[in-house]
Amino acid sequence: MGACLALCSLASCASCLCGSAPCLLCGCCPSSNNSTVTRLVFSFFLLLGTLVSVIMILPGMETELRKIPGFCHGGTAIPGVENVANCDVLVGYKSVYRMCFAMTCFFFLFSAIMIGVRSSKDPRAAIQNGFWFFKFLILVGITVGAFFIPDGTFHTVWFYFGVVGSFIFILIQLILLIDFAHSWNKVWVENAENSDNKCWFAGLLTFTFLHYALAITAVVLFYIYYTQSDDCTEHKVFISLNLIFCVIISIVSILPKIQEAQPHSGLLQASLISLYTMYVTWSAMTNNPNRKCNPSLLGLVSNVSTTEPSGDSTPGQVQWWDAQGIVGLVIFLFCTLYASIRSSSNTQVNKLMQTEEGGGSGGEAVVGEDGIRRAVDNEEEGVTYSYSFFHFHLCLASLYIMMTLTNWYKPDTTTQAMQSSMPAVWVKMSSSWLGLGLYLWTLIAPLIFPDRDFS
């Protein structure tokens, strides 16, 4: 009897894995929309690949793998059995590059397949919202194949792909943060006005003050630790310029004309963007190869000494994990999950992110003939987000994860070392300036084009 029940349960799970997305998660969120659940599952694939990459880059992984008999070249051997794996490839930056290469190819493939899907009636929508077991097999297959790519110039070439992709993804992160702050401010202001409860305004004021306090503190620390009186001119310029730009967007956001055109714009959004800009500035300065201008921070995962750089340190010795990398992962996780569940009313952001206003209406879960509860198909009349752009966003996120986990170090194929590089610094700073420009544009666009709808 128990075996029969187990077989029935297994058959039910198999139908979910080969069927649509909602039956995977409807037990936890039975009133969710088909579009939301699908995005969450794809985001889970990305987070799973990120977790594998994190495990492969943890200190000591190579040593542990070498203890497995017959596994690594140069490791413990079994008499008569040849070691079959190169642990230098399975761990460290090489494994991260290959894992993220596989995820990038996977999401790019689906981005190309889903171009032009307009509703769930399109046959390709069934591929988007179902067949999860086969999708997982495809991802695993690409990953396995990626580890057989010869070294050669692969890592150097893929580094530049990562730089370009990460540049675009940082801008997308900024757009998502702008949208989040806009929605946050709008909801809390409406709650305060409808309930006549001043606690909502107090909360907005508190978070605005907190964001600005953290940003100002960061600027002070940057001047103290990342500049020298006779050196680090680039850092002085970076910090000063971004400080001036943050002051400008803060002032512009509360100008009477801006408030009249956009009643929900304010200092909360400007403060959050300012804080994020300071993070990007910090992240850029930590990639400066000049150690006088880039003091190492205490590694939160590794045990590398970070007090003073020693003059006789080997060029191949790098610190994989540092504070800015971990902060970057936290922001990445937030933006990825927010992109999966967001339902924005901001017209400008919806146009940039290729989504529809409101994200579709919710409803009660539907119970199928097989007894499985499925979420609502809210895309029969039209998709609530661009399938192709969503996968392209995850494709860029894979490249960003690759660069973040490897600290944006550039692989040197001649010395087999990982080195900081100035291109990474300029890419991050350029993305921060372009991001500030985008936010400024969202503020002044309604004044320049009064006949267009920017609500």
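Glycine too: its Cβ is placed from the backbone N, Cα and C atoms.
From a predicted model like this one, the values you see are computed outputs, not experimental measurements.
TrEMBL annotations:
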type     : residues : note
SIGNAL   : 1-16     : signal peptide
TRANSMEM : 36-58    : transmembrane segment
TRANSMEM : 100-119  : transmembrane segment
TRANSMEM : 131-150  : transmembrane segment
TRANSMEM : 157-180  : transmembrane segment
TRANSMEM : 200-225  : transmembrane segment
TRANSMEM : 237-255  : transmembrane segment
TRANSMEM : 267-285  : transmembrane segment
TRANSMEM : 320-341  : transmembrane segment
TRANSMEM : 389-409  : transmembrane segment
TRANSMEM : 430-449  : transmembrane segment
Closest-packing stretch to the transmembrane segment (131-150), where packing means Cβ pairs under 8 Å, from 100-119, 157-180, 237-255, 267-285: 100-119
CB contact flag for the transmembrane segment (100-119) and the transmembrane segment (237-255), at least three pairs under 8 A: no
Top Cβ-contact partner of the transmembrane segment (157-180) among 200-225, 237-255, 267-285, 430-449 (pairs under 8 Å): 430-449
Maximum Cβ pairs under 8 Å to the transmembrane segment (389-409) - stretch from the list 36-58, 200-225, 237-255, 267-285: 36-58
Distal contacts, the transmembrane segment (267-285) - CB-CB under 8 A, six or more residues away: 170, 173-174, 177-178, 180-182, 184-185, 204, 207-209, 211-212, 214-215, 218-219, 222, 226, 235, 238-239, 242, 245-246, 249-250, 253-254, 293-294, 324, 327-328, 331, 424-426, 428-429, 431-432, 435-436, 439
Same-chain residue ranges lying at least 6 outside the transmembrane segment (200-225) that approach it to Cβ under 8 Å: 185, 188-189, 191-192, 235-236, 239, 243, 246, 266-268, 271-272, 274-275, 277-279, 281-282, 285, 295
